[in-house]
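Trainee: The structure that follows is given in the form of structure tokens.
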């Protein structure tokens, strides 16, 4: 009986993918639980909060950080609900890129998907860079912690590139083998947070008061406080970036139309709770943010403030143990980040979005992994990492690039869902019924406003040294993509295959908004 059910589910997955116009090329080996652990590892709250902690403390202090987290968590869950609802209908490796091409009229699909895909690809690539740079930074911090001289910037860049290379090698494994690794990473992350939080609460001799955590502020930016409250959301939103990662593996996940949406929402809720506990513990361990920053101003790398916080609890050599936990989590997060980046790139290459797409979409049949995409990303990430040799603020810039680009890529399909496709959107098995459009509308407004904050300067007066170069890098990459579009791609690129051009009927359980019964006898599923 169980085997028959599994066969039926497998046939359904293949049929749904065929309905979207594609064949099953990748290995479908992710279980429902692996889908969740992959999303949770891609977000990796322990890593993302730690990497953005320097920015967090300098841009508003404790109260702005904690309230930004609370507010950001609420809206992130709403955005996650909107993405999950769309994913239930279109469980494709292209994720937001594919969705953008489905939710607009056919004549607009090529441009809509092209723009959305490029934003998501840029955001995920920048995320790879942040994780690999963070890994090198914390290795440097461990060396300093043990009384050795710090590593030079070129050496840290070389370490970062080497780490990306190892991540790409691991991504060559079959997807179910990666799934076991992300499952291990999830348990290790939860275990690590429990250890660190316990140490911070128990071992530190002097804590901040609850009032300090929720109401004390610190502003080193030079901008007015209301402006700081706006730009401070960057670290919170970066911490959540990647919760749709499971959607990129939809073609490799069993029962993806139900499994992946659940994984997205559970990840958003779980990360909100776990992140609040970890962030509160960090802020609770710092009685006076201003004094803490002045005492550690010689260590201007973001990761050093995390280690300085750990050192408040235990002697510096023992703090190395907590730091190693962080190093391992950064490594696991980077593996998942490269996986997501490779899948969005593969999906676009499969539809011919890049020059030489035939080669870039190459799938190694031994493991059914998009090897062409992984090889390209290894080189592309290495080029991005080299920018750190030019600017000392490159890390913060890539933090903003990752957050801004991913936010915009989320916004595009959600905005189409609540406007152009509002009345014709086919609800999947995982849907929110009549609440779907209001949730999408609120999500669109939130994403629009906060995306603008990502590219604003964060230091005044603005100089060449402290300028937020994220808008410059984004403009350069998008200009290249734009030139490629107008010169070549617009003449032949048709975007992802359209379901409305397919004669295969929708699967049972898929309905349109117009099929929802009236409020009196309505029984919409909220699975």
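Our numbering is plain: 1 for the first residue shown, then up by one each step along the chain.
The backbone N, Cα and C atoms fix where each Cβ goes, glycine too.
According to TrEMBL, the record shows the following:
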TRANSMEM  33-54  transmembrane segment
TRANSMEM  66-90  transmembrane segment
TRANSMEM  111-143  transmembrane segment
TRANSMEM  155-173  transmembrane segment
TRANSMEM  180-204  transmembrane segment
TRANSMEM  224-243  transmembrane segment
TRANSMEM  263-286  transmembrane segment
TRANSMEM  321-346  transmembrane segment
TRANSMEM  367-389  transmembrane segment
TRANSMEM  395-416  transmembrane segment
TRANSMEM  437-456  transmembrane segment
TRANSMEM  468-487  transmembrane segment
Trainee: Same-chain Cβ contacts of the transmembrane segment (437-456) under 8 Å, 6 or more residues past its ends?
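Mentor: Beyond its ends, the transmembrane segment (437-456) has Cβ neighbours at 75, 78-79, 81-82, 85, 227, 230-231, 233-234, 237, 400, 403-404, 407-408, 410-411, 414-415, 417-418, 422, 468, 470-471, 474, 513.
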Trainee: Kindly say whether the transmembrane segment (263-286) and the transmembrane segment (66-90) touch, using the definition of 3 or more Cβ pairs under 8 Å where each pair is 6 or more positions apart.
Mentor: yes
Trainee: Please work out which recorded stretch in 33-54, 180-204, 321-346, 395-416, 468-487 has the most C-beta pairs separated by under 8 angstroms from the transmembrane segment (224-243)?
Mentor: 33-54
Trainee: Out of 66-90, 155-173, 321-346, 395-416, 468-487, which stretch touches the transmembrane segment (111-143) the most, going by CB pairs under 8 Å?
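Mentor: By the under-8 Å Cβ criterion, the transmembrane segment (111-143) pairs most with 395-416.
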Trainee: For the transmembrane segment (155-173), which partner among 33-54, 66-90, 321-346, 395-416 gives the most CB pairs under 8 Å?
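Mentor: Answer is 321-346, with the largest number of Cβ pairs below 8 Å.
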Trainee: Are the transmembrane segment (66-90) and the transmembrane segment (395-416) close enough that 3 or more Cβ pairs fall under 8 Å, when only pairs 6 or more apart in sequence count?
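Mentor: They are in contact.
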Trainee: In the same chain, which residue numbers or ranges, 6 or more beyond the ends of the transmembrane segment (180-204), come under 8 angstroms Cβ to Cβ?
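Mentor: For the transmembrane segment (180-204), the sequence-distant neighbours (Cβ-Cβ under 8 Å, at least 6 residues beyond its ends) are 33-34, 36-38, 40-41, 44-46, 170, 173, 274, 277-278, 281-282, 284-285, 309-310, 312-314, 322, 325-326, 328-329, 332-333, 335-336.
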Trainee: Can you name the far-off residues of the same chain, 6+ from the ends of the transmembrane segment (468-487), with a Cβ under 8 Å from a Cβ of it?
Mentor: 111, 114, 118, 122, 355, 387, 391, 393-394, 396-398, 400-401, 404-405, 454-458, 493
